[in-house]
Amino acid sequence: MGAAESSMFNSLEKNSNFSGPELMRLKKRFMKLDKDGSGSIDKDEFLQIPQIANNPLAHRMIAIFDEDGSGTVDFQEFVGGLSAFSSKGGRDEKLRFAFKVYDMDRDGYISNGELYLVLKQMVGNNLKDQQLQQIVDKTIMEADKDGDGKLSFEEFTQMVASTDIVKQMTLEDLF
């Protein structure tokens, strides 16, 4: 491992929920996923991860992991995204990741349209569009405490307060 890579690993160890040995295992997994050896994972490579491939929100996951919007996920972004799913990841970190799933334009709010689009990805054609829109409208109305027509992170946090988000967003077997 060169000095630059060693420095990157030290930084990742400080800023993620992973130990040095866990980061080494993640690096090996990342390199296996990076089929073309480009140093980053594109959408097709990302969808080879079993826990993500079967998720109806797989494309949202890619967008969240891809912090810089380059269309690919480098190792640091990979670690950053997975860190929220670590058993060492706290409630706030998991809530922030979940919020990002819905905040498609990254403006810090979940709009009616964003909530609709994400829920549509989750339910597919199991609900009629009109039924889904009614659920979205009711959710926004009930959770939107300041009446601005959208959900802030704080409002989102209150809305999901009764759920066990820590358990639901922890992947025991990341390696």
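Every residue gets a Cβ built from N, Cα and C, even glycine.
So that you can see what the record holds, here are the features copied from Swiss-Prot:
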| type | residues | note |
| --- | --- | --- |
| BINDING | Asp34, Asp36, Ser38, Ser40, Glu45 | Ca(2+) 1 binding site |
| BINDING | Asp66, Asp68, Ser70, Thr72, Glu77 | Ca(2+) 2 binding site |
| BINDING | Asp103, Asp105, Asp107, Tyr109, Glu114 | Ca(2+) 3 binding site |
| BINDING | Asp144, Asp146, Asp148, Lys150, Glu155 | Ca(2+) 4 binding site |
| DOMAIN | 21-56 | domain 'EF-hand 1' |
| DOMAIN | 60-88 | domain 'EF-hand 2' |
| DOMAIN | 90-125 | domain 'EF-hand 3' |
| DOMAIN | 131-166 | domain 'EF-hand 4' |
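Where Swiss-Prot records a feature, it is marked here on the structure.
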{"residue": "Ser38", "record": "Ca(2+) 1 binding site", "CB count, 10 Å": "11"}
{"residue": "Ser40", "record": "Ca(2+) 1 binding site", "CB count, 10 Å": "19"}
{"residue": "Glu45", "record": "Ca(2+) 1 binding site", "CB count, 10 Å": "18"}
{"residue": "Asp66", "record": "Ca(2+) 2 binding site", "CB count, 10 Å": "21"}
{"residue": "Ser70", "record": "Ca(2+) 2 binding site", "CB count, 10 Å": "11"}
{"residue": "Asp107", "record": "Ca(2+) 3 binding site", "CB count, 10 Å": "10"}
{"residue": "Glu114", "record": "Ca(2+) 3 binding site", "CB count, 10 Å": "19"}
{"residue": "Asp144", "record": "Ca(2+) 4 binding site", "CB count, 10 Å": "18"}
{"residue": "Lys150", "record": "Ca(2+) 4 binding site", "CB count, 10 Å": "19"}
{"residue": "Glu155", "record": "Ca(2+) 4 binding site", "CB count, 10 Å": "18"}
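Among the listed binding-site residues, namely Asp36, Asp68, Asp103, Tyr109, the Cβ with the most fellow Cβ atoms inside 10 Å is that of Asp103. The average pLDDT for the domain 'EF-hand 1' (21-56) in the predicted structure is 90.
Spatially, by CA atoms, the binding-site residues Asp36, Ser40, Asp144 include one closest to Glu77 (Ca(2+) 2 binding site), and that is Ser40. Proximity of Asp34 (Ca(2+) 1 binding site) to non-local residues of its own chain (separation of 6 or more, Cβ distance below 8 Å) is seen for Ser40, Ile41, Glu45, given in sequence order. On the backbone, the CA of Ser38 (Ca(2+) 1 binding site) and the CA of Thr72 (Ca(2+) 2 binding site) stand 10 Å apart. Ranking the binding-site residues Asp107, Tyr109, Glu114 by the distance of their Cα atoms from the Cα of Ser70 (Ca(2+) 2 binding site) places Asp107 first.
Other C-beta atoms found within 10 angstroms of the C-beta of Glu77 (Ca(2+) 2 binding site) number 18, with every protein chain shown included.
Under DSSP, the residues of the domain 'EF-hand 1' (21-56) split into helix, strand and coil as follows: 21 helix, 2 strand, 13 coil. In this structure the C-alpha atoms belonging to Asp144 (Ca(2+) 4 binding site) and Tyr109 (Ca(2+) 3 binding site) are separated by 11 Å. The Cβ neighbour count for Thr72 (Ca(2+) 2 binding site), using a 10 Å radius and every protein chain shown, is 19.
Candidate binding-site residues: Asp66, Asp68, Asp146, Asp148, Lys150. Nearest to Tyr109 (Ca(2+) 3 binding site) by Cα distance: Lys150. Close to the recorded Ca(2+) 2 site, the chain also has Ser40, Phe65, Glu67, Gly69, Gly71, Val73, Asp74: residues not among Asp66, Asp68, Ser70, Thr72, Glu77 whose Cβ is within 8 Å of the site's Cβ mean position.
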